[in-house]
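Q: Submitted below is the structure of interest, expressed as structure tokens.
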Amino acid sequence: MKKTFEQFRKSNLLFQVLKGPQHLECQKLFVLDSSFNPPHLAHFQLLSQTIKNFKLKDTRSHVLLLLAVNNADKLPKPASFPTRLEMMCLFADYLQEKLPQSVVSVGLTVFSKFIDKDKILHEQFVKGCSADIGYLVGFDTIARIFDEKYYHPLKISDVMESFMSGSQLYCLARGDCHLSAESQLRYASDILEGKFEPVIPREWGARIHVMQNDYPALRNVSSSEIRNKLKNGQVESLKDELPLCIYDYLINNKTIFD
């Protein structure tokens with residue numbers, strides 16, 4: 001995987017699919033945008049619940065695991081990009097087994113901003129299909145997307161209009177967020193009621209979906225928490241937070257987070 005990553009890094013490519021179908025094969029695309037450092041069961045739960053609740057009826061869904069490597073010239077910490085890609089490919093096989101009504105691809109992009117990711121996906125992955133794209137993220141990411149300090153002196157409503165008019169955002173409420181779970185679950189309805197205008201247009205609330213986690217035990221699972229447990233020797237507890245394939249990979253490669 002190191003060679004594959006180096007080839008991408010040295011190329012002029014903006015996006016590349018490394019595993020799975022090279023182009024969209026379904027009417028609904030779910031993009032799991034994460035650091036995959038490592039992939040875990042909370043990622044799976046987000047995908048599973050989103051597909052269950054929002055996939056188009058009687059159709060298959062296409063899942064894209066997308067890793068942004070915009071800082072590829074800097075040594076990533078605490079796991080290298082090739083290592084993350086190996087785990088993403090293992091996770092893709094796990095998803096294909098657990099979500100048989102979906103197809104799964106693994107991709108790289110140089111872009112970190114969602115408006116840029118969305119543009120390149122439409123150009124090179126969706127390729128003119130009238131597909132609905134949903135981005136699966138953490139609530140903290142949604143909060144950053146709509147934080148006006150990242151857009152000053154421009155307005156969020158101007159910068160993000162094209163993205164929000166054609167995309168959906170999905171996440172699960174978390175227990176370790178700066179907002180209570182209740183506030184997270186109300187976030188979209190608060191936008192619809194105009195509580196964030198003029199910064200966030202009220203109509204965008206219909207395109208944001210914050211769900212209650214069906215498995216409370218996974219509510220606080222995060223990649224950083226897993227890395228800390230691994231460093232502290234709390235290996236057994238990780239069995240409840242990781243797919244078996246990722247757990248085995250980490251046990252056999254304990255130094256990747258050093």
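Even glycines carry a Cβ here, placed using N, Cα and C.
Per Swiss-Prot, the feature NAD(+) binding site maps to S35, F36, G138, D140, R174. Per Swiss-Prot, ATP binding site is recorded for H43, S224, E225, I226, R227, and the stated evidence type is similarity to another entry.
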Q: What's the CA to CA span in angstrom from R174 (NAD(+) binding site) over to H43 (ATP binding site)?
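A: The separation of the Cα atoms works out to 12 Å.
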Q: Pick from F36, D140, R174, S224: which of these binding-site residues has the biggest number of other Cβ atoms within 10 Å of its Cβ?
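A: Most Cβ neighbours within 10 Å: F36.
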Q: Below 8 Å Cβ to Cβ and six or more residues apart, same chain only. Which residues does that give for R227 (ATP binding site)?
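A: Listed in sequence order, they are N37, P38, P78, F257.
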Q: Can you list the residues of the same chain, besides H43, S224, E225, I226, R227, whose Cβ falls within 8 Å of the ATP site's Cβ centroid?
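A: Nearby residues not in the site list: N37, P38, H40, V221, S222, S223, N228, K229, E241.
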Q: Which number gives the other C-beta atoms within 10 angstroms of the C-beta of E225 (ATP binding site), all protein chains shown included?
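A: For E225 (ATP binding site), the 10 Å Cβ neighbour count is 16.
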Q: Any same-chain residues 6+ apart from I226 (ATP binding site) with CB under 8 Å of its CB? Would you list them in sequence order, or say none?
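A: Same-chain residues close to I226 (ATP binding site) (Cβ under 8 Å, separated by 6 or more) are P38, H40, L238, E241, L242.
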Q: What whole-number distance in angstrom separates the two most remote CA atoms of the ATP-binding residues H43, S224, E225, I226, R227?
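A: The span, Cα to Cα at its widest, is 15 Å.
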Q: Got a sec? Which of these binding-site residues, S35, H43, has the most Cβ atoms within 10 Å?
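A: That would be H43, with the highest Cβ count within 10 Å.
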